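Written below as structure tokens is the structure these notes are about.
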Amino acid sequence: MKVIVTENKIQGGAKAFEIFKNEIKNGAKVLGLATGSTPETLYQNFINSDLNCSNLISINLDEYVGLTPDNPQSYHYFMRKHLFDKKPFKKSYVPDGMTKDVAATCKEYDQIIKDNPIDVQLLGIGRNGHIAFNEPGTPFDIGTHEVKLTENTIKANSRFFDNEDEVPKSAICMGTANIMDAKKVVLMAFGEKKAQAIKEMIEGPVTEQVPASILQKHPDVTVIVDKAAAQELDDKYKN
């Protein structure tokens, strides 16, 4: 893994954009994208740039089951708001959270990824080392699947809804096998609350109890962290 330490998330987003821009200029056509606050600075750099995205395909990591695309808490909505409405892509794939057949939708999403191999995959990381909704204990060889959200995740998400009963109880999520098939991975993490997860991902054993640790086995991973998220790392990783 290559580790890049920046002063803050603004610089981190700019550094991530440099990587994506260079990969696109070198022929990358399919981007694996993520949601949440971590990639917002990256997406802002996309929007502010003169980069033409009209020939790019994006494939998102996940989506809540039961949320319509126009629900402000859905990842369809997030991606339109933070990127696609201002920087249109040729084609953008996000799992169908309103599907009547989740298993079939997961198989279809695996086929989409197979038909459009991901050139650069963007990731964040959870405090417990999860990537996307792949929580500790998720098999490393799994493809796109339905995830039953943990009570902690449901409670954490309840602040976005009127009450906890409205919070989605499951999500459709790319598996670690899909993520590992990407040619290049860029993982971003900011803040001291991510420091322990970053340390375990990079320096700890490869274990399904730390889903992100599988990235140690990927041939091309760049980790972009601010100083706070890097504080637990061995000095050799700090530039």
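Glycine is no exception: its Cβ is also placed from the backbone N, Cα and C atoms.
According to Swiss-Prot, the active site, proton acceptor annotation covers ASP62, HIS130. Summarising the annotation, Swiss-Prot assigns active site, for ring-opening step to ASN128, GLU135 and lists sequence analysis as the type of evidence.
In the three-state DSSP classification, ASP62 (active site, proton acceptor) falls within a strand. Non-local neighbourhood of ASN128 (active site, for ring-opening step): GLU135, PRO136, ALA197, VAL210, each in the same chain, at least six residues away, with C-beta under 8 Å from its C-beta. Counting in whole angstrom, HIS130 (active site, proton acceptor) lies 13 from ASP62 (active site, proton acceptor) by their C-alpha atoms.
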